[in-house]
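J.: Sharing a structure, written as structure tokens. Questions coming.
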Amino acid sequence: MAFIGSVIFGVTTRQDLKDGVIKRWYLRPDSSRIFFDPKRAPLAAVYHFLTAIMLYSYFIPISLYVSIEIVKVLQSIFINQDIHMYYEEADKPARARTSNLNEELGQVDTILSDKTGTLTCNSMEFIKCSIAGTAYGRGVTEVEMAMGRRKGSSLVFQTNENDDMEFSKEAITEESTVKGFNFRDERIMKGNWVTEMNANMIQKFFRLLAVCHTVIPEVDEDTEKITYEAESPDEAAFVIAARELGFEFFNRTQTTIAVRELDLVTGKRVERLYKILNVLEFNSTRKRMSVIVQDEDGKLLLFCKGADNVMFERLSKNGREFEEETRDHVHEYADAGLRTLILAYRELDEKEYKVFNEKISEAKSSVSVDRESLIEEVTEKVEKDLTLLGATAVEDKLQNGVPDCIDKLAQAGIKIWVLTGDKMETAINIGFACSLLRQDMKQIIINLETPEILSLEKTGEKDAITKVSKENVLAQIINGKTQLKYSGGNSDAFALIIDGKSLAYALDDDVKHIFLELAVSCASVICCRSSPKQKALVTRLVKSGNGKTTLAIGDGANDVGMLQEADIGVGISGVEGMQAVMSSDIAIAQFRYLERLLLVHGHWCYRRISTMICYFFYKNITFGFTLFLYETYTTFSSTPAYNDWFLSLYNVFFSSLPVIALGVFDQDVSARYCLKFPLLYQEGVQNVLFSWRRILGWMFNGFYSAIIVFYLCKSSLQSQAFNHDGKTAGREILGGTMYTCIVWVVNLQLALAISYFTLIQHIVIWSSIVVWYFFITVYGELPSNISTGAYKVFVEALAPSLSYWLITLFVVVTTLMPYFIYSALQMSFFPMYHGMIQWLRYEGQCNDPEYCDMVRQRSIRPTTVGFTARLEAKKRSVRRSESES
């Protein structure tokens, strides 16, 4: 606009003095130095361009940035103060650790979630175990109950070799008085294990649990009760289980561990002292932990516990006596949703230990970059030729409200991926328990448990294994895509389940995009046996691959990479420390609060900020374009239509507070209806409130509002007396009238756009208009050298004139009428999601299932996850069977 105006100004200025006749005599071009000098028109055009750039700077919403920052901070405070996201049991409210992502909370397309401590409580309970090939423990897990309901059969559990007994959940899960211990089996409880056939193995099993850990005991001086401080809930559960079954760990020093245990020979409880020689700590790469101790008889023992996929390969030939039975039990435990660890040991001779100790000391004292690999190399040599003792099984129960939350998020069109380090069977059954999976869902399982690969792994040819494994994974991915293709777009839902080994190849550069295409086409994705690095890489792939907002949620240090890779990182302040919370953007105490965080606060924040930005463009265009129109009217003389202070204070006092109030308080629908109709969230996923169509619509609104204001004011005041004294309107009166109309129009336009009025919004809207009248009155009373053209313009010219008030009323109503008509027509005939819900509420039909289903049919994608999807699948099955019959 500045360039066009400058060109026109230059041409007009050149033609001002033609044949000795001055056209624009009132500008005195004959006495101008440069600006209106016809002889130097090009230079005058350059001067005009620079002046116009400053004048039209009011088109740029500079105050938008400040206003949005204020609004986002206030929105974050509201998130922090939401009582519905306060976890009373742990006294932990929600915490928005940044305010930069508020609107993105309303645009999440994919959630990538950890399992342990995120979907589950991370409050471990020792419930079953396998020792020397014999299964012990008869507790019922939540997953087993869900499996029973899914299969429609009763649960039968074997209590001993001869008797089968049927139990209900209430009968089996007796009220446990010990946190972390829910084990029931009379064969080894109360010291009865000494009569078992493999009593010696049972003793070593629980001795390992009592010794192989980094737990610190704390003794209450008054009650002498021992409590344990552990790095993880798993370790605490193991130590508690060992204590309850007769192996009480009660004291620890830097070099010793003291245990009270039952002596097999005497049958009495004795105190044994174990000297700690080395602790080989657990990490996500090793997936195991070992301690080397010396008992009172001088024997050197290595106790080791770890994941089955790393432990079984470290067993000696003579230590695999119970491997087959233990593997079967581990699979059964995984099917029941339990977390399993394999326990094994070996005796060391002094010579071997001496060599190991020297090498491990040398590796630990190394300052080279490969220090960790040196330590790993040394530990690999000692953690071998182990003798299998058995396996533990602990239950990590689902958090309250997880299935409901997942169901609501699925209804909102959000995809949910689970990235876990657990076994595939455990993850699948947890998926069923929390409604991520359902019985009729087709599972695409990608793993490397084929006979060809297993035989190659025995040969140990790494290059051949890598090549064949990658080809196998690629073939399985392509086969999965083929299944999806031939499903023909029917309502069948697919679930993708992939293990860690396969995922390593699926994330290769030449495979990952094919893998992503398959994954995003599935209703749910579960990645099992995932390392922290793989979690981060999967998150990065989803974030960069589909170009939509991703949210990662986790509770432990192993989730930090995933949280940092995602667009939004949500940390759960659970029992695994504060690493995830400190690396997150938002912290909550329970997974179920994610529902309210996204569907309520996310939707509100997205809508508010989108409307704010569009409105800012509108109000600045409405104001700035009147300056351009006045410039056009005055043949681009660079004379502003308004007083300098009017220009400066427009975005400060007369139109700033109402838009901030809109960004903080406006609600298209209440929180209850946001949760009742989750599909409302799809407005953010589709970005319908901040699309180019909507932005350009608001800009067009600003342009035609400015045109109406300018031309109606000009035409109303032109060529006629302005007051009873017969005075005509000058620039000050025209500018004052136009400015009044603009203040009224932009504030009332905001009032029309607001869906939820509060007292604060009424105050700021009407006070902004009142402040304008107060300012023009006070400013006009100042001396003329200060108030310049506004000197007494309101008191003596505008206020006494009836035409001023009539023009203001007429112009404001005329300007707002097109928007009002458009909004009424859209609401009546083409309502958006929130408009349909507002209609339902207005007509009192929110509890009418028929109307609610009609609204839900507007969903962009069918709900394929959650118990709602399960019910819909059953309905479709019934309708299909009825049509076939």
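Every residue, even glycine, has its Cβ placed from backbone N, Cα and C.
TrEMBL lists 581-831 with the feature domain 'P-type ATPase C-terminal'. What TrEMBL lists as transmembrane segment is 45-66, 616-633, 645-665, 695-713, 733-756, 763-782, 802-822.
Mind running through what each feature is packed against?
T.: Residues of the same chain lying 6 or more positions beyond the ends of the transmembrane segment (45-66) and with a Cβ under 8 Å from any Cβ of it are 1-3, 5-7, 9-10, 13, 34-35, 612-613, 616-617, 620-621, 623-625, 627-628, 631, 636, 638, 640, 647, 650-652, 656.
Listed by sequence, the residues of this chain that lie at least six past the ends of the transmembrane segment (645-665) yet keep a Cβ under 8 A from its Cβ atoms are 58, 61-63, 67-68, 70-71, 74-75, 78, 608-609, 611-612, 615-616, 619-620, 623, 735, 739, 743, 746-747, 750, 753-754, 756, 758, 760-761, 764-765, 767-769, 771-772, 775, 779, 790.
Using a Cβ-Cβ cut-off under 8 Å and counting only residues 6 or more beyond its ends in the same chain, the transmembrane segment (695-713) has close neighbours at 613-615, 617-626, 629-630, 633, 734, 737-738, 741-742, 745, 749, 807, 810-811, 814-815, 818-819.
Long-range contacts of the transmembrane segment (763-782) within the same chain: residues 645, 649, 653-658, 660-661, 736, 739-740, 743-744, 747-748, 750-751, 790-795, 798, each at least 6 residues beyond the stretch ends and with a Cβ under 8 Å from a Cβ of the stretch.
Among residues of the same chain six or more beyond the transmembrane segment (802-822), those with a C-beta under 8 A of the stretch's C-beta atoms are 701, 704-705, 708-709, 712-713, 716-717, 722-723, 737, 740-741, 744-745, 748-749, 752.
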